[in-house]
Amino acid sequence: MIYKIINFILSKKDHEEKKDLLLKIMKFFNKTPLNFLIKNKFPNNNISCMGLNFKNILGLAAGLDKNGDYIKLFSDIGFGFIELGTVTLKPQHGEKKPRLFCFPNVYGIINRMGFNNNGIENLIENIKNEKNVKSILGINIGKNKDTLIEKAKDDYLICINKAYYYSDYISINISSPNTKDLRKLQFGELFSDLLKSIKEEQNKLNKIYNKYVPILIKISPDINNSEIIQISDCLLSYNIDGVIATNTTVNKDIIMRCCNNCEKGGLSGAPLNENSTRIIKKLSKELKGKIPIIGSGGIISVKSAKEKIKAGASLIQIYSGLVFFGLKIIKKLIKSF
């Protein structure tokens, strides 16, 4: 109810401004005696995946809490895991506003945020300052806009080094459509070299901290079956711990079919569901259960969530579903598994 009231009050705001204000207001309420309006308590399902113990199957996808400003809030409202970021080595402003567009008639969102964030150091400080967080914390990392694609590996390795001790898992974002050439890192020598270097860094940090932090790769939905096979082979070859499927789509057919006023950027939400589920199904076939899949992209109902699990996902994440349906979707999804 409180989500609906605040959402209505802010209905005339720019979508990004509305989102930010909504989160700030909810964070404030969560620190008052009225926090019972926000907090959710669910029985722990104790799902084991990647050597981690998740209290439930549902996670928050990267993008909603880029800087770790709302960790306690998202933990208290029930998420089993929270993926922070995408964060980059250096702070950056991202693309010019407006850059976030909602299409409620199809439950779709187009964004061209461009990895706006306050940098990895700021995120780590925010994590250090949090207390009594009962959700698994993931950190999603990307490269800075001004880092050449040939040098992108260095950004990822430095960020892994900084994030390792403070995260339960790390995800590597090489699939956002809003950073030039980023998706090239999913293929060929750039991909294999990145994975090799990541595993070497992970092994080194494991010895230093005596702590194994799983590393996952987040992939694009705009890939064909041949590319899925190539990506899967590489993930298996380098013993990558997990894969997140998928990021947003730039498939013009899907976008034009759903959003007549076509904005530049990546499309998420319900229009992405069918394609992301297709990717998960094919990935699952190729990975043969050796690498877990986190299903993300278009989950706006129990039905779409169960489709992801049936296709082969071990865990699921939402973003657009939360934007359109508020806290009630968290309850529905968690109670359904």
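Cβ atoms here come from the backbone N, Cα and C positions, even for glycine.
Source: prediction; values computed, not measured.
Here Swiss-Prot flags Ala62, Gly63, Leu64, Asp65, Lys66, Thr86, Asn140, Asn173, Lys218, Thr246, Gly269, Gly298, Tyr319, Ser320 as FMN binding site, drawing on sequence analysis. What Swiss-Prot lists as substrate binding site is Lys66, Asn111, Arg112, Met113, Gly114, Phe115, Asn173, Asn178, Asn247, Thr248. The feature active site, nucleophile is assigned by Swiss-Prot to Ser176, with sequence analysis given as support.
Swiss-Prot feature annotations superimposed on the structure.
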{"residue": "Leu64", "record": "FMN binding site", "Cβ within 10 Å": "18"}
{"residue": "Lys66", "record": "FMN binding site", "Cβ within 10 Å": "22"}
{"residue": "Arg112", "record": "substrate binding site", "Cβ within 10 Å": "20"}
{"residue": "Gly114", "record": "substrate binding site", "Cβ within 10 Å": "20"}
{"residue": "Asn140", "record": "FMN binding site", "Cβ within 10 Å": "26"}
{"residue": "Ser176", "record": "active site, nucleophile", "Cβ within 10 Å": "25"}
{"residue": "Lys218", "record": "FMN binding site", "Cβ within 10 Å": "26"}
{"residue": "Asn247", "record": "substrate binding site", "Cβ within 10 Å": "29"}
{"residue": "Gly269", "record": "FMN binding site", "Cβ within 10 Å": "26"}
{"residue": "Tyr319", "record": "FMN binding site", "Cβ within 10 Å": "22"}
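Asn173 (substrate binding site) sits 5 Å from Lys218 (FMN binding site), taking the CA atoms of both as reference points.
Considering only the residues assigned to substrate binding, Lys66, Asn111, Arg112, Met113, Gly114, Phe115, Asn173, Asn178, Asn247, Thr248, the longest pairwise Cα distance works out to 16 Å. Annotated pair Asn140 (FMN binding site) and Asn247 (substrate binding site), C-alpha to C-alpha distance, rounded: 12 Å.
Counting only same-chain residues six or more apart in sequence, the Cβ atoms lying under 8 angstroms from the Cβ of Ala62 (FMN binding site) belong to Glu83, Leu84, Gly85, Thr86, Gly138, Asn140, Ser171, Asn173, Lys218.
Among Ala62, Gly63, Leu64, Asp65, Lys66, Thr86, Asn140, Asn173, Lys218, Thr246, Gly269, Gly298, Tyr319, Ser320, the residues given in the record as binding FMN, the maximal Cα to Cα distance rounds to 20 Å.
Using a 10 Å Cβ-Cβ cutoff, Asn173 (substrate binding site) registers 27 neighbours. Under the DSSP three-state reduction, Lys66 (FMN binding site) is assigned to coil, being neither helix nor strand. Here the C-alpha separation of Leu64 (FMN binding site) and Ser176 (active site, nucleophile) works out to 14 Å. Between the alpha carbons (Cα) of Lys66 (FMN binding site) and the residue listed as 'active site, nucleophile' lies a span of roughly 14 Å. Candidate recorded positions: Ser176, Gly269, Tyr319. Nearest to Asn247 (substrate binding site) by Cα distance: Ser176. Rounded to a whole number, the distance between the Cα atoms of the residue listed as 'active site, nucleophile' and Gly114 (substrate binding site) is 8 Å. For the pair Tyr319 (FMN binding site) and the residue listed as 'active site, nucleophile', the Cα-Cα distance reads 15 Å.
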